Amino acid sequence: MAEVDALCPTKPRSSGLCSLVWSSMREAFWVDCSRGPIPSLGELMHLLDSASGSHCESPTTKEQAMAQRRNLPLGPNSTLTEGDVAQMYCGNPLEPEVEKVVFVLKLALCLLAYGHSTVDAEEIFRCVCHKAGLPTPCVTMGPRDMQACFGAGPVHLLRCGRGIIADKMKDTAQLAICIECGHTPFNVRQATAFLDSIIAAPLPYGFAMHCVALHCALTCAAFCTYQGDARDALAVALVAPFVIAASKLCQSCPALGPMEVLLVPFVIGLFVPLVWEYIVPVAVDHISVMVFSLLLVWLPGSELIYGVYEIKMGSTTIGGSRLVSTLIQSMLLALGITMGWQVFGSNAHLRVVGNASAFVPFQGRHSSIDWRWIYGVGNLVMIPFTLARLHVRLRDMLQPFVIIYVSLLAYASLTHLSSLPNPMINVAATFIAGSAASLDECLTGTPAVLPLLPVIIILAPGSGAVKSVLLALQTGHSEFWSTSILEGTTMAVGMYLAFTLWRPVLERCNMKRAAEAGAKFSPRCPHPVHQGFDSA
């Protein structure tokens, strides 16, 4: 029998191939239903407590611990290693504190990389430095970089990747809250281990599931965000796979990474006129619905609102640079669409308007569908896909879903049932969303920005910026600063008012939850160390 098996190697090879295909499919369609790498608040505070940390740490010295971590990257997508930072402190008065320096720098890079605003990240950074016993830092944070210096120590110029990864944002914020509200000093080595587990944790959705969520979110945007009909959604669904493929290609190839903001709109401008001409022949005013639905997640809406918010909070340089970045990104998106349009769309609407044009038509369109269906029913479908696209875990979706749904319903009600002007509606809608998100943070510890970002994405304030650039390309006149910046400012004002009013309440809630958790686990009283995470 062994000789027969040796002469027929196809059977094990086939089973090995099937196993490889099956494992690849499982990885591609992976959905994480766990609670993540961070334990419950009480147990996390217990493990971070310096007194109880001696039960958990190995007896290695600081030098040996740093030697083991020498080649680990300092943060997400950072080329600098922990060993590089430690080497900068050789002979420096802060050399005994190098473990603390490495931890706070890594925490700051994670806050930036996973989607926190620079204002909030700076505040958390200063508070954690105080808890760690480090000198008061001089720090400036931008969207993708930061400069920091501790007393007489060296100046750190650090860069990181930038994105919105909601599950890691929540876990990082939870860790920071435990440090801010916990005992002083805290166990730095245990905190660094938790931060490493957050960075190393896999994303909650596999590659294919994330692509499916993005495809569904773009398709739903034609109906929910831009109030199109079934024909618009069909056109978006047909073009979306090519757009997603272009985006993933740019993300997987470092050389093409900076080209995403041009390549994605180029693909949109390339395929939309084909679908419009030969598959979904509708009126010319449907084209803007198709184009902007496909651009939904690349619109600079969050950058626009973050820029105004940071200026209001005192970060004038960073906020101003964000607004300039919004303008440049809008120009690149508009140019990319126009370049792609030249291939098949330069004469596409000749049969409709009677003359050839090399520009993208973007006439406004009045929806014939009742707004109650759009905001009451359509968002029931769109919101979960938008949250999945932002990497919100399945078991963490309920509270953000309720907040987003209620906020969008309030926005629609104010728009259609009140006589308020649009700027006041924007202020009121974002104030409601910010207040609901802050209340959720008081109750659960989830960062308020997490449910607020999908509201910004679905309301799409960045589409006005791209429209103003397209208008400038066609007529030579632009209303970017008078319309797009005003729209972003009104939304940022609502967010600012909500966060400012809720900040004292949030601080008291965090201290109360930390005190209750500390009393439950009594970390400074002798008791057995818990070895596992809560199953809740």
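Keep in mind that glycine also has a Cβ here, set from the backbone N, Cα and C atoms.
Look at TrEMBL and you will find 103-343 tagged as domain 'Threonine/serine exporter-like N-terminal'.
For 262-280 (among others), the entry in TrEMBL reads transmembrane segment.
As annotated by TrEMBL, transmembrane segment applies to 286-309 (among others). Long-range contacts of the transmembrane segment (286-309) within its own chain (CB-CB distance under 8 A, at least 6 residues past either end) are made by residues 117-119, 143, 164, 214, 217-219, 221-222, 225-228, 231-232, 235-236, 239-240, 243, 260-261, 264-265, 268-269, 272, 275-276, 319-323, 325-326, 329-330, 333, 337, 349, 360-365, 389, 453, 456-457, 459-463, 465-467, 484-485, 487-489, 491-493, 495-496.
Beyond the transmembrane segment (321-344), the same-chain residues lying 6 or more positions past its ends with a Cβ under 8 Å from any Cβ of the stretch are 142-143, 261-274, 277, 291, 295, 298-300, 303-304, 306-308, 310-311, 358-360, 462, 465-466, 468-470, 473, 480, 484-485, 488. Here TrEMBL flags 321-344 (among others) as transmembrane segment.
Proximity of distant same-chain residues to the transmembrane segment (373-390), defined by a Cβ-Cβ separation under 8 Å and at least 6 residues beyond the stretch ends, is recorded for 164-166, 205, 209-210, 213-214, 216-217, 220-221, 223-225, 227, 297, 367, 397, 400-401, 404-405, 408-409, 411-412, 450, 453-454, 457-458. Marked as transmembrane segment by TrEMBL: 373-390 (among others).
Listed by sequence, the residues of this chain that lie at least six past the ends of the transmembrane segment (397-414) yet keep a Cβ under 8 A from its Cβ atoms are 371-372, 374-376, 379-380, 383-384, 386-387, 420, 425, 428-429, 432-433, 436-437, 440, 444, 446, 450-451, 454-455, 458-459. What TrEMBL lists as transmembrane segment is 397-414 (among others).
Counting only same-chain residues 6+ beyond the ends of the transmembrane segment (451-474), those with a CB under 8 A from a CB of the stretch are 115, 164, 166, 221, 224-226, 288, 292, 295-297, 299-305, 326-327, 330-331, 333-335, 337-338, 359-360, 362, 379, 382-383, 386-387, 390, 399-400, 403-404, 407-408, 411, 426, 429-430, 433-434, 436-437, 440, 480, 483-484, 487-488, 491, 495. Annotation source TrEMBL lists transmembrane segment at 451-474 (among others).
A Cβ distance under 8 Å defines the sequence-distant neighbours of the transmembrane segment (480-502), meaning residues of its chain 6+ beyond its ends; these are 301, 304-309, 312-313, 323, 326-327, 330, 423-424, 426-435, 437-439, 442, 448, 452, 456, 459, 461-462, 464-465, 468-469, 472. Residues or ranges marked as transmembrane segment in TrEMBL: 480-502 (among others).
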Exercise for review: Give residue numbers and ranges for long-range contacts of the transmembrane segment (262-280): same chain, 6 or more residues beyond its ends, CB-CB under 8 A.
Suggested key: 231-232, 234-235, 238-239, 242-243, 246-247, 249-250, 256, 286-287, 290-291, 294-295, 298, 332-345, 348, 360
